[in-house]
């Protein structure tokens, strides 16, 4: 085997201590999704390339294709006839999000699901884009979506970010802000202004954070917009509020269009529900657009306060036409926590850590190898009562046993008693050692499993 | 979007009810691994093809390559210079097991890990082989491994299957049998017989279950073995015992070689530990070989009793040379539950099911849409006390609310009281309806979450 091992750029892997943090996040996310009645779905990693293309905006060129290395010689004998790479209906690619595969899953299984269908999905996705801070080629997404057959009630658009707010209230991520917009607002506004290339205009205005008002002005002008139209587009993008006052400010700009009215009404309803349940968490921000092409109404993005330039850590929106079998359409709304992105920032800045890098609570020390059977019995009894326990790898002196635990962050060392004497257990942090029986001893609740700790700056 | 949606052969996906079973299995597996002090590791899905090739026996031609669809035009601008498909050091492939990536992870992070290093890893793997019953192209493996730097204590070879036995004792999988062998036994035996092509002989004898003694005889004969050598090979493969008597039966065949003695001593030690801790669970079975090339000592396979022809659902072994950086070698031993394979059999035969196909315990009924805010408050209170709750999608009459819950397997429907009256909750299975307050009402413990049920034949 080659001796040179280098990490692959864009394919992050955690060390055990970081993975413990990720697992704690995953557990809280999953538990909260389930408390809100979402059922778990996992989809295969691959989709036909034809199903991936044209759904992801700029993502098309980021798709990873998948093919058997054995190549065509073998596949001639393959009755499933997969993977002529040149045929996008047969060629396979790794999914770049979880919404497109979920839409396909709904269509494939519509007869076996009950609607409205609430599902969560926590999986890796792949995008062949250029790696940079917080942007990976392989990363974990945590999605919730609700889809219905025919039509989807508007109240779900308010529910999505409130489920996320419930999740985030349990995670040590600091202050955050969920920004919400409705695509019908810029669409109606641009149409009302006489700008008919809605998608083109949206894409330019979406670059506001990156290239500033001057850059946007320049691009809109070369696309043929007048100074007045440009001024109005920028004025719209400047509007935000944590209540429903955004609507009056939009109307004050004097543009009118039925689609604009629809968008304002829908966004107002979302903000009203949010203000009733979690005031201050949602911000109506008319700059938010989302890059993916399939959104048709409400859209969400989420910023960590103080890390705004890092980009969104939780995004989504409503899509009305993603899943359709020609007879029935399944409109949906969803939101996705970019877990790898979120964790990369929290872990790299040292803001969050785990109380220890291992599940092990107790290591049973071995003075002599002959005691291994006794140690195994003690360990089995502790495990049976839910206490994670391992046994020293080899017999060793007292000091070496303590160092073994200390190097791994294991809080307790168990010592087998000499004949007739009681066992004892030592908290290696305090040095306190007490007599103990494996049938009854219990660690303090906060030591039973590793827990998350927020490190304040 | 195309209207024709067909499943992809070999890429199974679960419906929600089946996924609930899978999650329950995953939870028990993970919890038990952690109780035994294994830390979680996840590795990226891709490895350089050069690292995958030559490790998997027949698996080489089953590797899935991965490449950016955008192709070389883009990658010229890519500073990471990935994926010239023709260069196996740069080309990427999906991992086909979790042992090869873990060995690479150990080498890459050796300076940051503590040894012996106990890790578990639960992830999907991909093999482009021909799909058939219980054999998939994408499937989930649940691995534990212990690796050490320089040398690895033999007691870990006994520990691995006993951890699995602890897992299986908590899963409703029926009777099973973990078969264990040591590759040094056939190796030493063949050498003692004068058969120098050990690997070739092993591969032929490994087909015994498939082609029978006549087939093996024929193949060994055409490889040049004498009738006596063939008879001895078959006699060795016939030996099995649930205790340590296998060793005497091997010695009675009259073949001797130092490697054979080593293997017999190691397998005897494994069986002695198993007999002390879980008598009857392990079987020394000298027919077991394992296809993968990297095993060097103890090997494991596991059969579901009554489903022997289905093949192994949990396999592994000791590998001494998989991870080496030229200076240090990291020998390891591991075992892997083939979860997809195991579940496919249990679910398809109807042997295991979940008590319900959703996490939701309570649905809050809505008589009129104006009550949604009140319903949301009730749901929030129940969720805050760990009771998974959803709210009716729309206002509807009593009967429709009951049917909504019934179709989803949700056991309880919550009714908001009219002004001044108490709320009430109905168990739709028994029909019993009682007054209830969201701050105090608790469902029976067995209804809180979906649980596994074993269905006896």
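Every residue gets a Cβ built from N, Cα and C, even glycine.
According to TrEMBL:
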- A:21-357: domain 'Aminoacyl-transfer RNA synthetases class-II family profile' (DOMAIN)
- A:97, A:98, A:99, A:127, A:141, A:145, A:290, A:294, A:295: L-histidine binding site (BINDING)
- A:427-457: region 'Disordered' (REGION)
- A:446-457: compositional bias 'Basic and acidic residues' (COMPBIAS)
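This view paints the features noted in TrEMBL onto the structure.
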residue	record	DSSP (3 states)
A:97	L-histidine binding site	coil
A:141	L-histidine binding site	strand
A:290	L-histidine binding site	coil
A:295	L-histidine binding site	coil
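Residues 20-21, 24-25, 171-172, 174, 350-359, 361-362, 377-378, 381-382, 385-388, 402, 405-406, 410-415 of the same chain sit 6 or more residues outside the region 'Disordered' (A:427-457) yet have a Cβ under 8 Å from a Cβ within it.
Other C-beta atoms found within 10 angstroms of the C-beta of residue A:295 (L-histidine binding site) number 24, with every protein chain shown included.
Local packing around the binding-site residues A:99, A:141 was summarised as the count of other Cβ atoms within 10 Å of each Cβ; on this measure the leading residue is A:99. The helix, strand and coil residue counts that DSSP assigns across the region 'Disordered' (A:427-457) are 4 helix, 7 strand, 20 coil. Largest Cα to Cα distance within the recorded L-histidine binders A:97, A:98, A:99, A:127, A:141, A:145, A:290, A:294, A:295: about 21 Å as a whole number.
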